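Please read the structure below before turning to the comments.
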Amino acid sequence: MAKAYDHLFKLLLIGDSGVGKTCLIIRFAEDNFNNTYISTIGIDFKIRTVDIEGKKIKLQVWDTAGQERFKTITTAYYRGAMGIILVYDITDEKSFENIQNWMKSIKENASAGVERLLLGNKCDMEAKRKVQKEQADKLAREHGIRFFETSAKSSMNVDEAFSSLARDILLKSGGRRSGNGNKPPSTDLKTCDKKNTNKCSLG
């Protein structure tokens with residue numbers, strides 16, 4: 001019996017507590033939003049299969065929410081990850097400043113050459129914005145990675161961000177692109193509905 005997919009990619013979301021990692025995963029995998037999720041304890045993941053470049057890609061998206069409060073994500077979390085999404089909250093400047101620490105954690109624990117993506121969540125809360133898009137775009141360019149702003153609540157750019165990372169992994173595994181340096185960072189300029197003020201505070 002033929003497999004229902006062509007490739008299996010393990011993705012990992014990391015970032016400070018409260019930036020919305022769990023909400024993003026639920027939105028992507030189940031197209032649902034609920035701001036009363038119970039914070040993740042231990043390792044949890046969701047699965048969704050997407051079509052990219054004519055291939056069926058099974059994405060296994062791992063959630064580290066509930067662990068980052070211990071200030072460490074062990075090597076076990078990073079093992080086998082082909083793509084890592086670094087998440088911050090656009091209304092929380094500290095969560096953005098800590099992205100540098102998460103970058104360091106990736107360097108120390110993840111496989112060399114793992115694909116990375118910077119993601120600013122809660123862009124539906126524009127009135128409470130503390131991190132400007134230009135700041136994040138600059139950081140992404142410094143690291144040679146893509147950048148998106150998303151809203152797990154409105155679903156803005158969520159599919160686009162995950163699909164972009166999966167496409168980069170696919171192209172890299174196919175040998176048609178070498179290294180992150182040849183990949184121009186991407187900023188999605190879509191705006192979110194400023195009237196939406198609810199937030200997902202977990203993960």
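Here the Cβ of each residue, glycine as well, is placed from N, Cα and C on the backbone.
Per Swiss-Prot, GTP binding site is recorded for Ser17, Gly18, Gly20, Lys21, Thr22, Cys23, Thr40, Gly66, Asn121, Lys122, Asp124, Ala152, Lys153, and the stated evidence type is similarity to another entry. The number of other CB atoms found within 10 A of the CB of Gly20 (GTP binding site), across every protein chain shown, is 30.
The DSSP secondary structure for Thr22 (GTP binding site) is helix. Look at Swiss-Prot and you will find Thr22, Thr40, Asp63 tagged as Mg(2+) binding site, backed by similarity to another entry.
For 179-189, the entry in Swiss-Prot reads compositional bias 'Polar residues'.
Residues or ranges marked as ubiquitin cross-link in Swiss-Prot: Lys46 (among others). Just so you know, the Cβ of Lys46 (ubiquitin cross-link) picks up 16 other Cβ atoms within 10 Å once every protein chain is counted.
Spatially close to Lys58 (ubiquitin cross-link) yet at least six residues away along the chain are Ala4, Tyr5, His7, Leu8, Phe9, Ile47, Arg48, Thr49, judged by Cβ distances under 8 angstroms. The feature ubiquitin cross-link is assigned by Swiss-Prot to Lys58 (among others), with experimental evidence given as support.
Among the features that Swiss-Prot reports, S-geranylgeranyl cysteine is placed at Cys200, with the record citing experimental evidence.
Among the features that Swiss-Prot reports, phosphoserine is placed at Ser178, with the record citing a large-scale study or a structure entry.
Annotation source Swiss-Prot lists cysteine methyl ester at Cys200.
According to Swiss-Prot, the region 'Disordered' annotation covers 173-203.
Annotation comment: Swiss-Prot describes 31-45 as motif 'Switch 1', evidence class similarity to another entry.
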Distance [Cα-Cα, Å, rounded] between Gly20 (GTP binding site) and Lys46 (ubiquitin cross-link): 15
Which listed residue (Ser17, Thr22, Asn121) has most other Cβ within 10 Å, given these are binding-site residues: Asn121
Between Thr22 (GTP binding site) and Asp63 (Mg(2+) binding site), the C-alpha gap once rounded to whole angstrom: 6
